[in-house]
């Protein structure tokens, strides 16, 4: 007998009785992708409103491509830059650049659609490979596709969505179980890229690390696998620290971490920003509390996913103890959900911070369903999936349809409302009526539209920069209404000004402002206020 | 001018990163590719002994270890009538000849007549000449090469008999492993180099048909080695040269590695002897590169792999200059941030190399029933950079010797540090 025909080491074998099926179930994948394309693609340029943060990431991507900088303003390490570097890479390959799909945020949203579709495939495959249940995989992909919470936030250009793509890709690589070190290393690199896309990935680390341990513990090359997972995960983080050190911005001036000071010294500092972020809480002006957002926003958008997702995540911590094959992946996925949930309950939040919970809940849902139906025939599992999904899809007030004020059945807002038209009209009015050298205080959602213009509105700056960035506050506006020509109000910008204590801008509006343009639709209201016109 | 410097810096960083990444991958090749690991394994079932072996033991100034090695080779688990052992010495090496002959006499007294001492008195006095001399006395089907300090595994002949009988190969390279990883400050890295080379990298070379063979525990069908015309006596790494000559002939080489059946060796006992050994290897690669055998290989991939391997000592010599300069410039030179980031990529690769070495240490000690301690890892962290500098110095020294035309053989001393006292006592008295 030659060595070539010897038994291979047990690198690929599961330890349970049931093995994942050999077929992927391509029809189900295609159906999932088509559903994702429809739910996330339909009306995505019109709904939801362009968000401030979408504008921030697009303007930073703009700065990467046009100025070879990480931000048009002082980059103070509020987020690691890999997310908008990715966006910049996406824009760079498009013939039309930032306007390839009408405007910058639309162009970013197309990337988010692609990210979503890739995530759907990864989610499906992760669950199928771990549980062997195509029904469970389809269920998760379907929920991920149609959840109103998901549709709302995953259409938006958010770092969270890019972060979750890397997390899912890393999980997928571990789920492949091909016994190779480079695959495990790739999974580690994905996690590292998730970390430098958005640092919140750190809260998913315990689950990922546990999964790594369980996935490769029977491999003969596990020592290399584990070591290089960590090495590859840390490499991007070290690169980020190195970047700050090269710019002499790793430590604050004189190593002064005193948060009572307004700034970390004469230069920004990565570690100071991290220190500041660690001490943020929901009482600060930079965000809202978990309970506020849960009641005011998230439950309103999608209570089904939040309730079911929480339930299966908690159950996943305890279920399947006797199932050696499923126990590890189930517990790992539950730990990821719990880890991120812990972050949500402890931090000062913005509305969209919930976005990563959508795929995490879907993941846990699929894993739990796979475990629950492990002895059920595929047809039975399919019927069960249909029984679960049909009601929430067709039921008014569910995932897809609702009654309007006239009692008529119609599609949910996400597939119908043309909200962003107001923002386009606002930009069009500025371009038609405001000279390019005017000094504007704006919100970030229209930043690229004004700066990527010919000629550009070089003096259009976001309101929080006009308050907090010395380069803008002191050199452009000098904190005086007399140096402002217009304030362009996005929806609920007034709330943000008040929350942020941006009093000089509020006074400029209230005491010296005159509304020259206004558009309202439902509870969305935009304005352009000319400053100095009344004095 | 500044632009030119930045461009060169960028290019060097990129080339070093790619080269390092590739070299690192070769270090873990068999761990990464389960099927490659399978191909490397020793057959579980053994064929009936059919092939006869001639084991050649070239020895020079090996008085301290030669008796043990002869005894070990003679006690192989293989029918004695199918084994011929030839100890080769030059006539001026009286001490080794005496020791070898004494052991041969002891064996003969026991009725083992298959061991002979071959003495040559012509030049050059080096290993390939000794091998060619012994080859003339070889009578068996397969010629096996061992070094004088080798701890030959008793089952090796049986294993190679199985492989050659059942697979279409004319050459088998079995594993060689330095064992004394805690003898001195450089021994850990030296041991690990062997571990990664024989456990992983050689398999990649064999698969791709461009293999610089090791100097011992290598088996050739006698007809094959005769067809090749024996070893190149002017080459300082006749083993690498003959491997590439085999590859250029299209001959398959089977690399077999199993922790249980490696030939155990020792690291050179002093830093000076280590540098001399490494200088010889580097210079031998340089010679082989200049000789151009690699150009005769049939495919571009093979040629590139052989060229890349043989040219590495040149790179290593330059690294000796580049590394300190790069480290210094990282703190002194002011360059644009992206270029500064890029120039740190090779450092990242060095970090990966260190991680790989530490994991390799635990793999090695685990496989051989030894114990690595955190202290060993700390020692590795401290000695890692000096070790790289020593390697670069040896490569630079080789380059210097090559340029000056100095081609003499700098012999490596052996003291038997890889052997336990019990083993030595037991086997020296065989017979």
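Backbone N, Cα and C atoms are what each Cβ position is placed from, and that goes for glycine too.
Note: TrEMBL annotation is automatic and uncurated.
Residues or ranges marked as domain 'Glycosyltransferase RgtA/B/C/D-like' in TrEMBL: A:95-223.
The region 'Disordered' annotation in TrEMBL covers A:1-20.
The transmembrane segment annotation in TrEMBL covers A:26-45 (among others).
If one looks beyond the transmembrane segment (A:82-101) by at least 6 residues along the same chain, the residues whose Cβ comes under 8 Å of a Cβ in the stretch are 45, 57-58, 60-62, 64-65, 70, 107-111, 157, 159, 162-163, 193, 196-198, 236, 448, 452. The feature transmembrane segment is assigned by TrEMBL to A:82-101 (among others).
Summarising the annotation, TrEMBL assigns transmembrane segment to A:110-127 (among others). Away from its own ends, the transmembrane segment (A:110-127) comes close to residues 24, 28-29, 32-33, 36-37, 40-41, 44, 86-87, 90, 100-101, 133, 136-138, 140-141, 144-145, 154-158, 161-162, 164-165, 168-169, 171-172, 175, 359, 362-363, 366-367, 370 of its chain (Cβ-Cβ under 8 Å, at least six residues beyond either end).
Sequence-distant neighbours of the transmembrane segment (A:158-175) (same chain, 6+ residues past either end, Cβ-Cβ under 8 Å): 51, 53-54, 57, 79, 82-84, 86-87, 112, 115-116, 118-119, 122-123, 125-126, 129-130, 183-184, 186-191, 193-194, 197-198, 200-201, 204, 208, 211-212, 215-216, 329, 336, 352-353, 355-356, 359-360, 363. According to TrEMBL, the transmembrane segment annotation covers A:158-175 (among others).
What TrEMBL lists as transmembrane segment is A:224-243 (among others).
The transmembrane segment annotation in TrEMBL covers A:304-321 (among others).
If you look up TrEMBL, you'll see A:328-346 (among others) marked as transmembrane segment. Sequence-distant contacts of the transmembrane segment (A:328-346), counting only residues of its own chain at least 6 positions beyond either end whose CB sits under 8 Å from a CB of the stretch, comprise 130-131, 167, 175, 200, 203-208, 210-211, 213-215, 281, 290, 309-310, 313-317, 319-320, 353-354, 356-357, 360-361, 363-364, 367-368, 371.
Below 8 angstroms of C-beta separation, residues 51, 53, 119, 123, 126-127, 130-133, 135-137, 139-141, 143-144, 147, 149-150, 153-154, 156, 158, 160-161, 163-164, 167-168, 171, 200, 204, 293, 298, 305-306, 308-310, 312-313, 315-316, 319-320, 323, 326, 329-330, 333-334, 336-337, 340-341, 344, 381, 384-385 of the same chain, each at least six residues beyond the ends of the transmembrane segment (A:352-372), sit close to that stretch. Positions annotated as transmembrane segment by TrEMBL: A:352-372 (among others).
Per TrEMBL, transmembrane segment is recorded for A:379-401 (among others).
If you look at the transmembrane segment (A:379-401), the same-chain residues 6 or more away from its ends with a CB under 8 A from one of its CBs are 133, 135-136, 138-139, 142-143, 146-148, 302, 304, 369, 373, 409-412, 415. Here the domain 'Glycosyltransferase RgtA/B/C/D-like' (A:95-223) is broken down by DSSP into helix, strand and coil counts: 106 helix, 0 strand, 23 coil.
Per-residue confidence over the domain 'Glycosyltransferase RgtA/B/C/D-like' (A:95-223) averages out at a pLDDT of 95.
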